[in-house]
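Below is one structure, written out as structure tokens; comments come after it.
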Amino acid sequence: MGCSMGKSQVPPQKCNRVSISVPAATAIRAALLIQRWYRQYVARLEMRRRCTWNIFQSIEYAGQQDQIKLYNFFGFLMEHFTPGSSERNLISHIFRENEICRDAEWERYFCYKSIEVPDSYTGPHLTFPMTFCGVSKLVEAFKHKQQLHARYVLQILGETWRLLRMLPNINHVSVHHTQQITICGDLHGHLEDLLLIFYKNGLPSPEKPYVFNGDFVDRGKNSLEILLILFGFLLVYPNDVHLNRGNHEDHIVNLRYGFTKEVLVKYRVHGKKILKLLQKIFSWLPVATIIDHKVLIVHGGISKTTDLNTIAKVDRHKYVSALRPPKVTQPAADGSKPQAVNDEDGGQVECRRRVYSLTYPSSAKGQRNQPSRRSLHNVPFSSHQVNWSVEEELKRRRRQAGFDQSYGEIRTSDSDSDPDFGEATETDEHEWKQLVDLLWSDPMPQNGCVPNEVRGGGCYWGPDVTEEVLERHNLQLLIRSHECKQDGYEFCHDRRVLTIFSASNYYEVGSNRGAYIRMGADLVPHFNQYQASRTGRELTLTQSVGWTERSALRALREQLFVHKSDLISAFQEFDPNNTGMISLSYWASATETVLKLGLPWRVLRSQLVNSNKHGMVDYMRWIRELSITEPKLEISDTSILETMYKNHSNLETIFRIIDTDHSGLISYEEFHQTWKLLSTHLKMEISDEAIADLAQSIDFNKDGSIDINEFMEAFRLVDRPAHS
């Protein structure tokens, strides 16, 4: 029975099986479809990332250009207005870089002994000479957000100044077979990045030498803490810690990018002394490091004229600000005092400006008056570029002072009363250019050497220049910083130029990784990457790109908003019938014409502007719908508001300059003079009534003075979605 029942069982059917056989060809096609989709997804993500990167970088470089243009304008005022003029007096102190020039006077001025440390102070107590234990305590204190007392700050800075004066312009380092040297790029006030490097790599010591390649300050919130840590280790291990100067180790740049404000907020009583001593320290920082005669480390880069032998002999502390070129005068044939050089149009030109055009000739003379981007080396500043009101004012003041219109005679007459502007030689100009190139230049993929008109300073140099300069000095690798890279580092020029950037999350959380280099006796660089922000580490690639993209578009919308009047005028040129509609192509062209950011507007337009089914843009509606919240202040003149938005950073820079006592307060009269300086720089008219109206609207407590920080914050634009 059992056997028969077993034979009669129905065999299992195929349909009850869980898996279904699929032909191999179909599986391969499916895999290829998935692969193609993934590649397209990654390509779209990469395109978004590059567009985001371009937005951040273009806005950053445009700000640097504004800074240089403003400083050049101040230099023009200093050299053309008479010594007693109010405009000149407002800004003259930023050019007096050697107010206290004798070492003994510096020692007395920065003496810390009269500063008492109260019993209530809970921060670290330091002893001098500095020891490894002392610097370690300093690192731990800053890690826990403690503040060092001003007495100890001045002691560290004073000791650092004395040490730096003994160092050469170019540090020469040797790497032993048993050790590796660590090279760090820009830190920009990101203390968490420095602490992470020390955690992963170890603290500086004779066994772990370090090179820090400039740009320690600005942008981040802890620039001073980074300086104090680095200076502390430099004092303990002067042969094993090497600091190169960056373009942000410059008191003029610090006015715009936050370091000046940081110091004054943290040290309200002694901040001015700290800043003055830091000016001196920055000018004494070495400008290059060479490892084993083969690897050159500079902050920015090189140019076709870079000569390390010349750089080694430069009196580097003369250049307190690298933005300040020396005056070059030409003696007359009869041996008389130097006169100004005339340009080809018959106008008076500053001699140092003529040198720029000789150093980096402009491609076309006709481009002189175009509002294109300009470089420190090629800014022709002739008299016809200044608006008529300024030119007439110059003539009037010269007549009142009894001077002829000749620039040379003006300088001869007041040279005794104005020691800030002595005569310089062609050698000074050549030395200055060498330093500017080291601090400001960037590499480019094409051969050649051209002015860096994107940043406004230094040059762009190509692979041929790299090869020529490295071969001439028997070097094999150039390590530089100065540019943020998404992965923290990047090779170019056939791997003979290496960029290293150590500030992670530079533009936004997740925007980039930081990196540092470890190099042994074989001089082969090994990279270590990191993300200092825990939030950034936890983001997926898609989340990271989305986060930074939103931040970049928010910054770009602010730029569009503050230029809305110029944009409307540009749009109307493409709309002769006043229909209020233009094509997307015209929208992109007009937007680039106004903002000059060099962005791919046609790629970005889907995220910035909506069009109808015919591909047309209602530009007036688009301007109204820009998601920006304006401050709610009663200002009768709306044009002054737009000027305020557009020149927010320039205005703050002028405020910081005028606030000579660093109190954070300026009077109505100083406020009025600030706006007059800005209007002259912008070549536009702003009425006294509009300025007075603005001052009264912002003087909240009606005490006759204006708080700079409150004023700047009151006019800060806010993205509506983020605000809500």
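Yeah, the Cβs are placed from backbone N, Cα and C, and that goes for glycine too.
Taken from TrEMBL, the feature compositional bias 'Polar residues' covers 360-373.
Summarising the annotation, TrEMBL assigns compositional bias 'Acidic residues' to 415-428.
What TrEMBL lists as domain 'EF-hand' is 562-597 (among others). Across the domain 'EF-hand' (562-597), DSSP helix (H, G, I), strand (E, B) and coil residues number 23 helix, 3 strand, 10 coil.
As annotated by TrEMBL, domain 'EF-hand' applies to 646-681 (among others).
Look at TrEMBL and you will find 686-721 (among others) tagged as domain 'EF-hand'.
If you look up TrEMBL, you'll see 323-348 (among others) marked as region 'Disordered'.
The region 'Disordered' annotation in TrEMBL covers 360-380 (among others).
According to TrEMBL, the region 'Disordered' annotation covers 399-428 (among others).
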*Within-chain partners of the domain 'EF-hand' (562-597) [C-beta distance under 8 Å, separation at least 6 from its ends]*: 55, 58-59, 62, 371-373, 605, 609, 611, 615-621, 623, 626, 639, 642, 645-646, 648, 717
*For the domain 'EF-hand' (646-681), jot down how many residues DSSP puts in helix, in strand and in coil.*
26 helix, 3 strand, 7 coil
